[in-house]
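Novice: According to TrEMBL:
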type	residues	note
BINDING	Cys210, Cys292, Cys293	Zn(2+) binding site
DOMAIN	6-307	domain 'Hcy-binding'
Amino acid sequence: MAPGKKGILERLNAGEVVIGDGGFVFALEKRGYVKAGPWTPEAAAEHPEAVRQLHREFLRAGANVMQTFTFYASDDKLENRGNKITFTGAQVNEAACDLAREVANEGDALVAGGVCQTPSYLSCKSEADVKAIFKKQLDVFMKKNVDFLIAEYFEHVEEAVWAVEVLKETGKPVAASLCIGPEGDMHGISPGECAVRLVKAGAQIVGVNCHFDPMTCVNAVKMMKEAVEKAGLKAHYMVQPLAYHTPDCSCQGFIDLPEFPFGLEPRILTRWDMHKYAREAYNAGIRFIGGCCGFEPYHIRAVAEELAPERGVLPAASEKHGNWGTGLEMHTKPWVRARARRDYWENLKPASGRPLCPSMSAPDGWGVTKGHTDLLQQKEATTKAQLKQLFERSMNH
């Protein structure tokens with residue numbers, strides 16, 4: 001951490017708002033640098049200029065945290081189901097740390113090293129085996145001296161607790177974020193109980209990320225906060241949701257939606273939706289507020305603009321953005337100039353332009369999770385016979 005910068009706990013203990021970054025795997029997949037399916041982050045080593053640029057855009061939008069692009073960067077995930085890589089896990093993790101630090105040093109941002117759920121856990125490997133995978137990534141984070149650590153995107157609190165137990169051994173601040181909604185984790189453990197277990201394991205910041213839309217995630221974190229306080233424990237709270245509307249999701253979240261992952265664009269939240277999200281999160285007592293899949297820099301800018309009164313600063317990207325559409329005052333068309341006001345955008349109900357499409361979908365809901373044979377992972381590529389079986393099951397579901 002650069003001299004003079006306050007650490008993550010110092011900021012949160014002072015009541016400051018910390019703004020996280022957005023979603024890297026979805027953004028870089030759309031830009032042609034990440035492959036949908038494995039969703040692995042070898043772009044940090046293959047195309048560092050793309051990762052660096054996205055970091056810079058989030059920094060300019062107001063983010064105070066540069067998360068290392070190490071999502072699914074464990075060795076077992078990098079080599080899962082026939083995924084071919086030309087870089088080792090260590091090389092990917094080191095490159096990601098260097099990029100995050102380079103950009104963080106360009107502003108008032110911290111670097112967070114992140115680990116997430118593993119194929120080994122889904123395949124029912126032992127606690128020791130799973131912890132060894134986290135430890136391997138952690139060695140790189142310590143070598144690169146990240147500012148704090150995040151265990152994020154966990155569907156099962158058991159595995160998240162294992163991750164926290166490994167991360168806390170470093171002495172660095174630890175955040176833990178589950179990809180769950182109000183129904184709890186994939187084994188039915190409530191958000192409140194999940195949070196209590198994570199805090200007892202050593203996490204100083206707890207919350208949720210991904211899988212659900214902002215308001216759903218805020219509600220889940222409220223449940224966490226209530227349970228932690230009831231247990232007489234103390235923690236800070238974070239939320240980094242999807243940028244997609246998910247009112248029709250089951251407990252598995254957006255992965256169950258038939259539009260996942262290539263047809264989600266009609267569900268995207270507007271920048272004005274993000275203003276509402278930021279305010280709801282802040283009012284709920286959440287002070288680490290960011291985004292996950294679908295969040296682009298303009299979404300993070302909206303969060304930063306909504307919370308500018310509390311933070312005392314606007315992001316650099318606001319130089320090119322009139323507050324609540326006021327830049328439209330300069331438009332050539334009078335009916336567009338008439339939209340240069342907050343009440344217009346705040347009350348707009350956007351149309352999709354798709355007259356034959358429903359407003360909501362029916363989630364797949366196969367109902368399998370860790371412990372089910374369908375989720376056993378393999379290093380070899382998925383075979384044609386395995387795919388045929390899945391196609392038939394999907395059509396008959």
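Placed from the backbone N, Cα and C atoms, the Cβ positions cover glycine too.
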Novice: Within the chain of Cys292 (Zn(2+) binding site), which residues six or more apart in sequence place their C-beta under 8 angstroms from its C-beta?
Specialist: Gly22, Gly23, Tyr153, Asn209, Cys210, Gln240, Pro241, Leu242, Ala243
Novice: Using a Cβ-Cβ cut-off under 8 angstroms and a sequence gap of six or more, which residues of the chain neighbour Cys293 (Zn(2+) binding site)?
Specialist: Gly23, Val25, Phe26, Cys210, Leu242, Ala243, Tyr244, Phe254
